[in-house]
Every structure is written in C-alpha cells, then in structure tokens.
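**Q** Sharing the features that Swiss-Prot gives for it:
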- Cys73: active site, proton donor (ACT_SITE)
- Cys217: active site, proton acceptor (ACT_SITE)
- Asn11, Gln44, Asn64, Gly74, Asn75, Asn157, Asn190, Glu208, Arg209, Gly218, Ser219: substrate binding site (BINDING)
- Tyr268: site 'Important for dimerization' (SITE)
Amino acid sequence: MQFSKMHGLGNDFMVVDAVTQNVFFSPELIRRLADRHLGVGFDQLLVVEPPYDPELDFHYRIFNTDGSEVAQCGNGARCFARFVRLKGLTNKRDIRVSTANGRMVLTVTDDDLVRVNMGEPNFEPSAVPFRANKVEKTYIMRAAEQTILCGVVSMGNPHCVIQVDDVDTAAVETLGPVLESHERFPERANIGFMQVVKREHIRLRVYERGAGETQACGSGACAAVAVGIQQGLLAEEVRVELPGGRLDIAWKGPGHPLYMTGPAVHVYDGFIHL
C-alpha cells in the first residue's frame, strides 16, 4: 500500500489514496500502523475515497490512533487538499469533500496555504453532544476536585474550551484526560486550554480526544476562537499560536461559516506491506 506522510503544524498524518488503491482499515490495523516504533506513526490516519455525490470531489475519512473514526480534523483537511493535488487526483483549487459530519470546501491559495470553510460553529448542547439543559456562554463543571468554567461547541466534533492565564503552565496532561472522558461528554471531547493575549491573538494547547496532546489541532483552534467570540473576548479575525505554529481563524458570528487558514506540508512518500 502506498501512502504519504504529511503534517499541519506538527500534527502529523498518514494519508492514503483509496481512490486508486483497494484498501480496508480495521481498528487493529490502524493501531499497528499508528505505532511510532513498530509501524508508520501518526496522530491520525486520513483516507481519500471517491465521492458519494457527483457534486463533490472526494469523501474524507479520519481515524484516531486507537482505531476510532472521527468526523472532523482541521489540520487534516489542509493536508487532504494538498495531497489530492500533489497526487494528481485533482487540479482544482476549490475542493469539495464530504465527511462523516457533512460537507466542506477546501481552497488552496496562491501561496500554498489552505483555507478551509469549517461551517458554522454549533453551540447547541445536543449537537456537541454535551449534557446541559440549554445553551450557555459559560458552563460550570466539576472535575479532578476542581470547579471548571468552560465553553462548549461543536465544529463537527465536540470541543470544550477553558481560559487559562498561561498555557505553558496549564494542567493539560492532568486535567485534559479527565475532561475528555467527563460524563457530561457522552462521546468524549477535545479539550482546549486558551490564553487570550489580546483580542486578535490567543495561545492554545489542545488535548485531543483519542490522541492526547498534539502539536496543533485545527478544529480546536476554530473552537477556541468561536467560544472566545461568543464570550465577547475576541475579535472576528484571530491569530492562534499553537505549539506547532500559527493558524488564522476568521468568523463573523452566528449565521456565518468559520474559516481556518494555515500550512500543510508533505514530508515523504512510502510503501508498506500489509
């Protein structure tokens, strides 16, 4: 099986063309491939499939290292767009894809960045899903014998965003896994730790559902900005500084889609016998 290794701000992916190759990924195979010592190693596996709708270009599937399938990955979406152009699967700059959650448009810019229409953030608790009676800008949760104030949103996947004074000293490794599997998140959640530097600039670390802390989480950056705007903390255009680098997020508010712009890097191509 041929594959490519790619990354978006250090969030790394194994990308496989299932348009021209006949491949099947069981959870066991994904876990084996994800092993950084015995396999290929990655944060997530991205699979390019033929579209289910003639109006679309591709179907986009995402798997975590534990073999579970997820509906959204912003950094992966940028790598997906670069991959299909690099491999000659399309020459379009505007690429329309379906995911387990819906549809997305990926745009490759003139300077080889990728702009992703992430859709409109959804704050309805049932959409996240999150156990709450109504939409609130801030929820109060109990976790690890602490009272946590957080914002909750779906970007096609569940996100919880906590404001911290300094991301360098935030309890990502201890509080992250506790909140990820908190009973109020029946499908678990991605946990963002957000430091507001100013209205146009935040620093962010994300403990990802099924993957742990990563160098960057695209949908997590989108979620943090959406929550920050909802809470009146941020402007419509925000620079997000992650451990792996920078993303630019723009959202005009309710009724509008949110846009993420950032890099996608091809590292190498490989072949593995399954």
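Each Cβ is built from the backbone N, Cα and C atoms, and glycine gets one as well.
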**Q** Have a look at the recorded positions Cys73, Cys217, Tyr268 and say which one has the shortest Cα distance to Asn64 (substrate binding site).
**A** Cys73
**Q** Report the residues of the chain - excluding Asn11, Gln44, Asn64, Gly74, Asn75, Asn157, Asn190, Glu208, Arg209, Gly218, Ser219 - with C-beta within 8 Å of the mean position of the site's C-beta atoms, for the recorded substrate site, in sequence order.
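**A** Checked against the 8 Å cutoff, the neighbours are Asp43, Ile62, Val70, Gln72, Cys73, Gly76, Val206, Ala211, Thr214, Cys217, Gly220.
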**Q** Once the chains shown are all counted, how many other Cβ atoms turn up within 10 Å of the Cβ of Ser219 (substrate binding site)?
**A** 30
**Q** Would you find the one among the binding-site residues Asn11, Asn64, Asn75, Asn190 whose Cβ has the most company, meaning other Cβ atoms within 10 Å?
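**A** Checking each of Asn11, Asn64, Asn75, Asn190, the winner is Asn75.
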**Q** Tell me the Cα distance separating Tyr268 (site 'Important for dimerization') from Asn190 (substrate binding site), rounded to the nearest angstrom.
**A** 28
**Q** Take the C-alpha atoms of Asn75 (substrate binding site) and Tyr268 (site 'Important for dimerization') and report the distance between them in angstrom, rounded.
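**A** The Cα atom of Asn75 (substrate binding site) is 17 Å away from the Cα atom of Tyr268 (site 'Important for dimerization').
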**Q** Looking only at Cβ atoms, how many others are within 10 Å of the one on Arg209 (substrate binding site)?
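**A** Other Cβ atoms within 10 Å of Arg209 (substrate binding site): 26.
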**Q** State, in Å as a whole number, the widest CA to CA span among the substrate-binding residues Asn11, Gln44, Asn64, Gly74, Asn75, Asn157, Asn190, Glu208, Arg209, Gly218, Ser219 given in the record.
**A** 17
